[in-house]
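Input: a single structure, listed below in structure tokens.
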Amino acid sequence: MNSLLMITACLALIGTVWAKEGYLVSKSTGCKYECFWLGKNEGCDKECKAPNQGGGYGYCHAFACWCENLPESTPTYPIPGKSCGKK
């Protein structure tokens, strides 16, 4: 029983440590989602937790939305081959 508990705890830690994080980015423009209220930010948190993003928590960092616990399929800044505002 103790072994099963330890294995479960280790798997939970591995999932937490290896979760993806980064700046939320627009797939069409390659630009970060902007924000102006630094720290805890309802807008960033809502965007990060949106079903199409799948994140666990979001806040405003350096005037852009930073997301934690993202699935690997969610793109984060920078997107290879896309420069924000440059053609």
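Numbering starts at 1 and runs along the chain as displayed.
Note that Cβ sites are derived from N, Cα and C of the backbone, with glycine treated the same way.
Small disclaimer: the values here were computed from a predicted structure and weren't measured.
These come from Swiss-Prot:
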- 1-19: signal peptide (SIGNAL)
- 20-85: domain 'LCN-type CS-alpha/beta' (DOMAIN)
- Cys31-Cys84: disulfide bond (DISULFID)
- Cys35-Cys60: disulfide bond (DISULFID)
- Cys44-Cys65: disulfide bond (DISULFID)
- Cys48-Cys67: disulfide bond (DISULFID)
- Cys84: cysteine amide (MOD_RES)
*asked:* Please report the Cα separation of Cys44 (disulfide bond) and Cys84 (disulfide bond) in Å, rounded to an integer.
replied: 19
*Go through the disulfide-bonded residues Cys35, Cys60, Cys65 and tell me which ones have a CA within 10 A of the CA of Cys48 (disulfide bond).*
Cys65
_From disulfide-bonded residues Cys65, Cys67, Cys84, the one whose Cα lies nearest Cys35 (disulfide bond)_ = Cys65
*Lowest local Cβ density (other Cβ within 10 Å) among disulfide-bonded residues: Cys31, Cys48*: Cys31
*Want to know which disulfide-bonded residues, from Cys31, Cys60, Cys84, are within 10 Å of Cys67 (disulfide bond) at Cα; which are they?*
Cys60
